[in-house]
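What follows is a single structure, written as structure tokens, with notes after it.
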Amino acid sequence: MSELNMELKKLRELELKTQGLAARIQTAKSGEQLDVDLVQLQIENKKLKNRLFILKKSIAEESTAAGGDVSKPKESSSITEHLESVFRQAIASAFPEFRDTPVIIAPVNSTSAKFGDYQCNNAMGLSKKLKEKGINKAPRDIATELKGHCPASPIIEKLEIAGAGFVNVFLSKDYASLALSNLLRNGVKPPEVIKKRVLVDFSSPNIAKQMHVGHLRSTIIGESLCRLLEFLQHDVIRINHLGDWGTQFGMLIAHLEDRFPNYLNESPPISDLQLFYKESKKRFDEDEEFKKRAYSRVVSLQKGVPNSIKAWELICNVSRKEFQTIYERLDISVKERGESFYQSRMLSVVEYLRGKGLLEVDEGREIMWPDDTKTGIPLTIVKSDGGFTYDTSDMAAIRHRLEEELCDWIIYVVDSGQSTHFNTIFKAAERSAILNPLSHRVDHVQFGVVLGEDGKKFKTRSGDTVKLSDLLDEGMKRSLQQLESRGRDKVLTPQELKDAQESLAYGCIKYSDLCHNRISDYIFSFDKMLEDRGNTAVYLLYTYTRICSIARNSGEDFTNLPEILKKTNIVLDHEKEWKLAKTLLKLHDILIKCSKELFLHFLCEFCFEVCTVFTEFYDSCYCIEKNKQGDIIGVNHSRILLCEATAAVLRQCFYILGLKPVSKM
């Protein structure tokens, strides 16, 4: 599989680097002078050996899982990667000198069945390579050879040569029927990927400030990425890098001492922390004595004075409760690890960078350039007053995550405005040997801003930032109005109505974000997101409830699917049955694409495609047949099984996207 090949290349490079370091250590032991300290070399070599062990283990597991035997695809097989394996073997057999040529497999988007379902597009490239060796061979002839050397695969019904040298692949209905039957027996299985230890840094609100619409995208995107990676069996660490440290806490502590002098004995009744923050900021800006006291409280906080620590904890706890309320409403799970966690590690990283000679004094501060060219914007590691900065905190954090947490992959879900900052951090981490590109992956998952319907930054009518709690409340109100306009309040029980209301409200807010390319700004509109047509959560959720109702309305028991599958095969004779089955089988390819590129709108587009193709199927293929009196006279068990497979796939996708489907809406 292509991912496996990339990891094998990394492994070879890593082994060479480890061997090189071992040789340098041996040289140092023999007494020869080196520019790098022996102890540092040994530490670095130990880290590389650990990475090497983990990578070898993952590759061994993946190689065993892949097996190389295309005659026995697994439930977890991705169709594209399986076809890559088939044609990789064909290229190695027909053209051994080009066995390392990357295989090009593309889905066929034509509505005409004569072009097949997938296409191998390697013949033209191989023809060019042969020509460079003095061998003239037409791409169509090469395609014919590739076809002849393809090993038998139960996924492939037939292969045909088309055009100038394309190999069209037609999928097997028997395989599709078996794959969907297994899906119903065993649940939706994840595709096989090389397992990694991944840390996702997302949400990250600031203490003493309410979560607003600006936090919405990081929170929603981060949660869905975690769910996706967890489903793919990665070891995922969810981190909320709270803004819980800094000079602003000096004024908050000083204000707390004045407003609630007995705070050490009685928990202060701060009902509105935002107002409390504004009051302290006003005093800080207008009262010089208060400002001096605020600065002294910053110092006492940094020194760990018990009273200041207690005040800081009280303020943080008020914010935590507010954040947790939002997280529970949106079904977000994240572990708090704020800036305060890295205070001691900042001292350590500064000493580390100094020891490597990477810090320079510039106008009293200590800076670090991201690379040896000394261009761009340097990081400020130590301020002229001896204090630390966000740059220091982020360098300490990435070092902790790679060296102590032993992460293979770090994902920062932060807005596009921080792009330059994170690029600089990543380069600096690589320059200082904290980050090794051979064994680590770091990504800045950036996103655009949320706009109002006027195309400007989303604000309240008074020009204030929209509070996230107010936004969720408005969503609940709008979704209830829509349900009532459909008369659902008269059909559903109170609990069913509440479940449907929450499903629509929070689902629409999440989906309207995730269905857009995250890099783009997007317009927030309740009217558009609550439409029941087009690529909206409402359309998807309503389609899902309709699918669930089919088996329920059949008058038969479809709860024990494994037992039913013993007597019933999924038949795919009708063109709409076959189209739906092939659409469902794209799931693994889509999930792999989402995880590689970290874009979730691909999964949203897939869900929309499943729902539209299902609607075509349902309109053309009767699942339940009734007479003129409305009595059921026939139930097509195969088609209801296909409906249940569709529901299972949508359910898994909805979970990743954070949608909560209900069986009645």
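Keep in mind that glycine also has a Cβ here, set from the backbone N, Cα and C atoms.
The candidate list Q343, Q418 contains one residue that Swiss-Prot assigns to the L-arginine site with S204, P205, N206, H215, Y390, D394, namely Q418. Looking at the stretches 535-549, 580-594, 595-609, the one that Swiss-Prot records under the feature region 'Interaction with tRNA' is 535-549.
Secondary structure of the motif ''HIGH' region' (205-216), assigned with DSSP and counted as helix (H, G, I), strand (E, B) and coil, comes to 4 helix, 2 strand, 6 coil. Secondary structure at Y390 (L-arginine binding site), taken from DSSP and collapsed to helix, strand or coil, is helix. Once Cβ contacts within 10 Å are tallied over all protein chains shown, the binding-site residues S204, N206 are led by S204. Sequence-distant contacts of Q418 (L-arginine binding site), defined as residues of its own chain at least six apart whose C-beta falls under 8 angstroms from its C-beta, comprise Y412, H444, Q446. Summarising the L-arginine site geometry, the residues cited as binding it (S204, P205, N206, H215, Y390, D394, Q418) extend over a maximum Cα to Cα distance of 19 Å. Cβ neighbours within 10 Å of Y390 (L-arginine binding site), excluding its own Cβ and spanning all shown chains: 15. With every protein chain in view, the residue among the binding-site residues P205, H215, D394 whose Cβ has the most Cβ partners within 10 Å turns out to be D394. Per DSSP, the region 'Interaction with tRNA' (535-549) is made up of 13 helix, 0 strand, 2 coil.
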